[in-house]
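*Asks:* According to TrEMBL, the ADP binding site annotation covers A:Gly151, A:Val152, A:Ser153, A:Arg154, A:Ser155, A:Gly156, A:Lys157, A:Thr158.
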There are 2 protein chains.
Amino acid sequence: MQRTVFFISDSTGITAETIGNSILAQFEGLSFDKHRLPFIDDAHKAEAAALRIKTHYAKSGERPIVVNTMADRALCEIVAASGALMLDVFAPFIGPLETELGAKRSGAVNRSHGLVDFDKYEARINATNYALSHDDGIDVDYAQADLILVGVSRSGKTPTCLYMALHYGVSAANYPLTDEDLEKLELPARLRPYRDRLFGLTIEPERLAQIREQRRAGSRYATLKQCRWELEQADRLMRQSGIPFLNTTHVSIEEIASKIFASFGIERTMF
Amino acid sequence: MQRTVFFISDSTGITAETIGNSILAQFEGLSFDKHRLPFIDDAHKAEAAALRIKTHYAKSGERPIVVNTMADRALCEIVAASGALMLDVFAPFIGPLETELGAKRSGAVNRSHGLVDFDKYEARINATNYALSHDDGIDVDYAQADLILVGVSRSGKTPTCLYMALHYGVSAANYPLTDEDLEKLELPARLRPYRDRLFGLTIEPERLAQIREQRRAGSRYATLKQCRWELEQADRLMRQSGIPFLNTTHVSIEEIASKIFASFGIERTMF
């Protein structure tokens with residue numbers, strides 16, 4: 001039977017969910033039924049949450065697990081009265097940090113995903129607009145790009161660019177290798193001035209064919225033969241041009257982005 | 001003087017950074033110099049990280065803070081030898097969870113942002129493609145939309161749609177209210193069948209004018225007068241059509257998304 005987990009927060013719940021998922025992932029082979037309860041910021045909402053958890057407990061007979069980032073102790077106690085196992089994300093770290101910093105926690109609602117810094121917002125939005133307008137080689141002005149992703153169609157360039165823009169404000173352009181590029185085995189002229197900003201994405205041919213089949217069922221574009229040819233040529237082109245590249249088949253968007261940043265020595269932190 | 005913080009991980013570092021930022025944000029008024037050290041997964045890399053932290057300590061005279069999600073105890077000890085304050089993100093929760101679940105932590109590298117589940121990947125990518133092709137009212141087939149964001153140009157619809165798609169696999173379309181819609185004070189006919197999936201974004205006129213000025217400096221589009229008129233009309237239209245809406249001026253993309261989900265009762269958890 002799946003154990004039920006509630007991510008509870010006085011704000012978005014993103015921190016509770018992120019750390020909760022990481023902790024639960026360490027218990028391999030177990031699966032969990034996960035629920036997010038965000039914006040629990042007064043006693044009334046905390047009581048409703050506690051009732052829901054308690055009801056769940058009574059029905060299933062299994063003790064629910066609560067991953068909690070609410071700052072207010074009184075609210076935590078209301079939820080704890082449900083009988084769930086309470087994992088308080090911040091509690092273990094506040095004491096050591098207060099000692100180290102010689103400062104008291106402000107005790108306010110967690111605003112790490114709520115506060116808006118206009119400069120940072122602008123950096124996110126500008127980078128996102130950049131990614132949108134430099135997607136699929138449509139716009140050719142690469143001068144402002146922090147980096148340019150290169151690869152065959154459907155190798156994962158667009159979502160990776162958008163993720164890097166939204167979360168790190170990195171202006172990432174994207175260039176899909178055309179059949180012509182792949183036949184010539186030459187970097188297109190307009191990419192050559194930016195060779196040190198290029199990064200390649202590759203993927204296993206079977207997976208690529210599967211993805212393309214979803215997009216254009218029965219097309220030549222989606223055949224394993226075509227995918228294999230494109231990927232082999234792309235591989236050759238990237239090797240001979242000295243472009244670092246990554247096989248994305250078993251890698252999440254987050255990990256692709258982190259590895260690209262590591263490759264370029266970009267240590268930018270998240271928004 | 002800014003205290004230096006290192007986010008250390010054997011994987012992407014996203015969990016370390018997320019919880020680290022949340023904890024640090026609770027010490028209002030203090031600012032931190034943050035560095036991410038991802039993929040520290042062997043003794044050699046851990047020693048290089050420790051050396052870097054130790055050097056920093058010696059130079060600044062201030063004890064660095066390490067927010068750590070490495071699972072391997074031996075690697076943690078190598079880094080701890082730098083003398084930094086070690087905040088181990090997982091340690092406090094593993095014991096209680098092992099007891100509760102009657103299972104041992106597998107001890108492997110944290111894969112929560114690395115593992116790829118093809119179904120989930122597809123959901124993210126399909127939703128992202130949906131958001132891209134249903135942006136700015138270009139494509140009018142709203143039948144598949146989980147929700148449709150409505151608002152004047154530059155009110156934050158596009159990044160919000162992309163964020164919801166990338167992280168929650170929610171297919172969010174976006175409809176920019178035109179001058180014609182705003183003059184008529186009528187919902188466009190093609191939105192009417194989907195009234196229960198509409199959500200409005202609004203923004204303060206001063207902020208909108210500032211954003212538009214960056215895009216089209218000196219244009220009528222960017223004048224405070226035009227922004228004010230559009231926003232007043234949009235406000236009227238949303239109220240009379242019974243569309244829930246949110247002022248995004250001081251709200252992060254993450255919080256906008258969480259509030260929209262809460263409004264629709266969407267409890268979907270993150271990818």
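Placement of Cβ uses the backbone N, Cα and C atoms for every residue, glycine included.
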*Asks:* Out of A:Gly151, A:Val152, A:Arg154, A:Ser155, A:Lys157, A:Thr158, which binding-site residues come under 8 Å of chain B, measuring Cβ to Cβ?
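*Replies:* Only A:Thr158 pass the 8 Å Cβ test.
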*Asks:* Can you tell which of the binding-site residues (A:Arg154, A:Lys157) has the fewest other C-beta atoms within 10 angstroms of its C-beta?
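*Replies:* Result for the binding-site residues A:Arg154, A:Lys157: minimum number of other Cβ atoms within 10 Å at A:Arg154.
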*Asks:* Look up A:Ser155 (ADP binding site) in the DSSP assignment and report helix, strand or coil.
*Replies:* coil
*Asks:* Around the recorded ADP site, report the further residues of that chain (criterion: Cβ within 8 Å of the mean position of the Cβ atoms of A:Gly151, A:Val152, A:Ser153, A:Arg154, A:Ser155, A:Gly156, A:Lys157, A:Thr158; site residues excluded), sequence-ordered.
*Replies:* A:Leu149, A:Asn174, A:Pro176, A:Leu201, A:Ile203
*Asks:* Out of A:Val152, A:Gly156, which of these binding-site residues shows the lowest number of other CB atoms within 10 Å of its CB?
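*Replies:* A:Gly156, out of the binding-site residues A:Val152, A:Gly156, has the fewest neighbouring Cβ atoms within 10 Å.
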*Asks:* Which residues, sitting 6 or more apart from A:Gly151 (ADP binding site) on the same chain, put a CB under 8 Å from its CB?
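*Replies:* A:Lys157, A:Pro176, A:Leu177, A:Gly200, A:Leu201, A:Thr202, A:Ile203, A:Ala234, A:Phe245 - these are the non-local Cβ neighbours of A:Gly151 (ADP binding site), listed in sequence order.
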*Asks:* For each of A:Ser153, A:Ser155, count the other CB atoms within 10 A of its CB; which of these binding-site residues has the top count?
*Replies:* A:Ser155
*Asks:* Cβ-Cβ under 8 Å from A:Thr158 (ADP binding site), same chain, 6 or more residues apart: which ones?
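*Replies:* The list for A:Thr158 (ADP binding site) reads A:Ala131, A:Asp135, A:Asp136, A:Asn174, given in order along the sequence.
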